[in-house]
Amino acid sequence: MAQCVFCKVAAWETPSQRVYEDDKFIAFLDINPVNFGHTLIIPREHYANFIETPEDVLSEMTKLAKKIAPAILEAMKAPAFNITFNSGQEAGQAVHHIHMHIIPRYADDGHKQWHGRDRYAEGEMGATAKKIKELIK
Ligand code: AMP
Ligand code: ZN
């Protein structure tokens, strides 16, 4: 028996409304959607988060999103969508099996994205960019 919620979905131990599946991926409706049609793409294989997921799996998920998102927009008559990966608990990741959210959006639908809430002090922006740049491997 799978332990992880999305491993259970993949194994049909938990029911899901699937919109797409192949030998490596499943796309299914989020049970608690921001808007109807909110879809999750998962690999069948378990990886905890974005950092843990191999590059080729991430690229394939993006390719799939390119295929599935237009269908969501058309089906839900949505003019726009957000793609989100929450990676880590502090970022709101509740299920620790990588998943991509595709969220159909409407004008004034009430869903709050982030708004810039901080300002760099003089010199801090350059120092921050430098720090990150030096750590890219
Ligand atoms: P996150 O907060 O990024 O980890 O998102 C997890 C998402 O999974 C949430 O939006 C939940 O509503 C959704 N979710 C949790 N369990 C299920 C399930 N059994 N079937 C479909 N969606 C689920
Ligand atoms: Zn899992």
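Note that Cβ sites are derived from N, Cα and C of the backbone, with glycine treated the same way.
Helix, strand and coil residue tallies for the domain 'HIT' (5-112), in that order: 31 helix, 25 strand, 52 coil [DSSP]. Look at TrEMBL and you will find 5-112 tagged as domain 'HIT'.
Sequence-distant contacts of the motif 'Histidine triad motif' (97-101), counting only residues of its own chain at least 6 positions beyond either end whose CB sits under 8 Å from a CB of the stretch, comprise 4-7, 30, 38-43, 46-50, 52-53, 57, 61-62, 65, 82-86. Taken from TrEMBL, the feature motif 'Histidine triad motif' applies to 97-101.
Summarising the annotation, TrEMBL assigns active site, tele-AMP-histidine intermediate to His99.
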Set of same-chain residues at least 6 away whose C-beta sits under 8 angstroms from His99 (active site, tele-AMP-histidine intermediate): Phe6, Leu40, Ile41, Ile42, Phe85
Overall pLDDT for the domain 'HIT' (5-112), taken as the rounded mean: 97
